[in-house]
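Below is one structure, written out as structure tokens; the observations come after it.
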Amino acid sequence: MSNPWIAVGALGLVSVLVPLGMMAASALIRPTVPEQGKTAVYESGEVPTGNTRIRFNIQYYMVALLFVIFDIETVLIFPWTVIYRDAVSQVGLTKALVPMLVFIGVLVVGLVWAWRNGAVRWVQPTTSDRRQTET
Amino acid sequence: MLQTLQISGTAALAPTLVLGVTALLLLLIDSIDPEESSSALLSGVATLGSLVALAAAGAILVATGGEPQSLFQGQLVVDGMSLFFTFIFTSVTTLVTLASYDYLKEFRYKAEFYTLVMLAATGMTLMASSNSMATAFVSLELASLPSYALVAFLKNNRGSVEAGLKYFLIGALSSAVFVYGISLVYGVTGSLQFDAIASELGNTGEGLVGVLGVGILMIIGGFAFKTASVPFHWWAPEAYEGAPAPVSAFLSSASKAAGFVIAFRVFTVAFPQSTVGVDWVLAFQVLALVTMTLGNFAAATQENVKRMMAYSSIGHAGYVLIALGALTGSANQAFVLGAGMIHLVVYGFMNTGAFLFIALAEYWGVGRTFEDYNGLAKQAPVACVAMTVFLFSLAGLPIGGGFLSKFFLIAAAVEAATIGTYVLAFALVINSALSLFYYSRVVKAMWIEDPVGDFEVGGYPTGLYAAIIVAAVATFLLLPALGLFTNVAVDAAASMIQ
């Protein structure tokens, strides 16, 4: 009768009952003072303008994508630079340097392709488009 | 085999490297002048790249005799099995890139198309070589992500985009299931490498068998997505119908084979039936039975040829699953696995060919239903002969390699001599008979029916025709020449099972 899952189940039950009990208790005890300020989106007093459905310029998507690529590149290059000196003395220059050059080379090919295909060309919206996005 | 040479390190990965370099080369060519992409140049480079990869795989197989070469501390392994499947992937890729020369003429983003095909092929060859759960997952994603983009390649076509989105969502779900399964197996065994998992399995405690079983089931789910078998099969009709037909050919042949090779390796190397304590053979028997029956019955009710072919490819996934479902202790295990591999080779040619014929029909602007194919043989007899060979070979008539490979599957299942495998062999026969019905509907439409309206085919595109005829000749020649592959396949399977 000492199934450890009983304890796990009991823990789960308690972890549901405690917050529910606290919410129920405070709902019974606390005074209700309805006030307009409480229903505002930002209780700090900032008045929200417009609704939540704003249209972003799609070109930010490309920028974000390029950022992610370079971010990950940095993450992978950084530890390599830290151990580079030790690696050269242990396995030689070729084995330490060439794999990273290949990696960067692959990324450069991708970047050149994206650049040539206009990934970083910022298209100015025409006036009629701009009005549409801002309202 | 001449002699067993030691091919060192990365040279054994030559097919994968060639495919990857070709993809980069295509990007560079496109960077020179993105607006004016030359169909002949891009298609030529892609086809050449996959042919070189094909030759490299053959050369390595001859040089090493299928001896396993362990790379990167056992993360990858190049052996007979991986080279055999590399042969399938590269030949399908060659056919697809050759056929796309005409199909893509009017489209703008040709270089991207070929690059994505090459990258997916790279991922598939890497899947065939991966020897640890980590590399298996990464290479599965490398094969899948370009496929999602390829399915949605017709950016302005609602069907294509919808198909791409569905394929992506189901793919993401099944990848999540797969990686969760990997984590459970890792939790039980403490290692990711296949052989290490197998040796740890003996030491698992009593209480962990359940966790292991759930993990294995989830991993089966991941493979079911890649091979388009139940329960993750329903993306296939949508994706194949919406995608450009060469992409459907690529996905339904090469991508499916890639799912099977990794499934074969995981379940024979990492979870050998003798030590695992979880009866995955039974799971595969049920899946094979349900998949082949569902695929064939659904195909019989279709009005759209491409959709019919999609369901038929689900049915064929069910046939190949017999190779895993019949791996019982009583079976001749090398022969069972070898039969599945041989069916995938033949299927690679005949199914690619059939989808390329549909690509030809799309190129001509023929409609999508059976009636639209009426009287096509009067206009294009050569292509229709090829299509007839593909369809009858798919059904299992002795006109192409499909007859022998199905026969091997039946023989392997019967030889295992358990109730489950007898049922599978019986179901294969029944389903093949049913499939003959719907395949011959296309043949009847092409050869016997009269055309509905006046229709003139618009030219005879060289690339598409060449690819279709090569596939048809290969399908036909595989009937007498299958013996060549049988030995290689059975040897490769035997060396993996040990």
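Cβ coordinates come from backbone N, Cα and C, glycine included.
Annotated in TrEMBL:
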DOMAIN    B:130-430  domain 'NADH:quinone oxidoreductase/Mrp antiporter transmembrane'
TRANSMEM  B:12-29  transmembrane segment
TRANSMEM  B:41-63  transmembrane segment
TRANSMEM  B:83-101  transmembrane segment
TRANSMEM  B:113-130  transmembrane segment
TRANSMEM  B:167-188  transmembrane segment
TRANSMEM  B:208-225  transmembrane segment
TRANSMEM  B:280-302  transmembrane segment
TRANSMEM  B:334-360  transmembrane segment
TRANSMEM  B:380-400  transmembrane segment
TRANSMEM  B:407-430  transmembrane segment
TRANSMEM  B:464-490  transmembrane segment
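Long-range neighbours of the transmembrane segment (B:407-430) within the same chain, counting only residues 6 or more positions beyond its ends whose Cβ lies under 8 Å from a Cβ of the stretch, are 281-282, 285, 288-289, 292-293, 319-320, 322-323, 325-326, 328, 330-332, 335-336, 338-340, 342-343, 486.
Residues of the same chain lying 6 or more positions beyond the ends of the transmembrane segment (B:41-63) and with a Cβ under 8 Å from any Cβ of it are 1-2, 5, 7, 11-12, 14-16, 18-19, 21-22, 25-26, 29-30, 78, 80, 83-84, 86-87, 90-91, 93-94, 97-98, 100-101, 104, 110-111, 114, 117-118, 121, 125, 463, 488. Here the transmembrane segment (B:113-130) does not touch the transmembrane segment (B:334-360). Their Cβ atoms form fewer than 3 pairs under 8 Å, with each pair 6 or more residues apart. Counting C-beta pairs under 8 angstroms (sequence separation of 6 or more), the transmembrane segment (B:334-360) fails to reach the transmembrane segment (B:12-29), with fewer than 3 such pairs. Between the transmembrane segment (B:380-400) and the transmembrane segment (B:280-302), fewer than three CB pairs separated by 6 or more residues in sequence fall under 8 Å, so the two stretches do not touch. Long-range Cβ contacts of the transmembrane segment (B:280-302) within its own chain (Cβ-Cβ under 8 Å, at least 6 residues beyond either end) map to 216-217, 220, 224, 229-230, 233, 237, 267, 271, 273, 308-309, 311-319, 321-322, 324-328, 420-421, 423-424, 427-428, 431, 434-435, 437-438. Panel annotation: around the transmembrane segment (B:464-490), residues 61, 66, 80, 84, 91, 95-96, 98-99, 101-103, 334-335, 337-338, 341-342, 345-346, 349-350, 352-353, 356-357, 359-360, 363, 382-383, 385-387, 389-390, 393, 398-405, 408 of the same chain, lying at least six beyond its termini, place a Cβ under 8 Å from a Cβ of the stretch.
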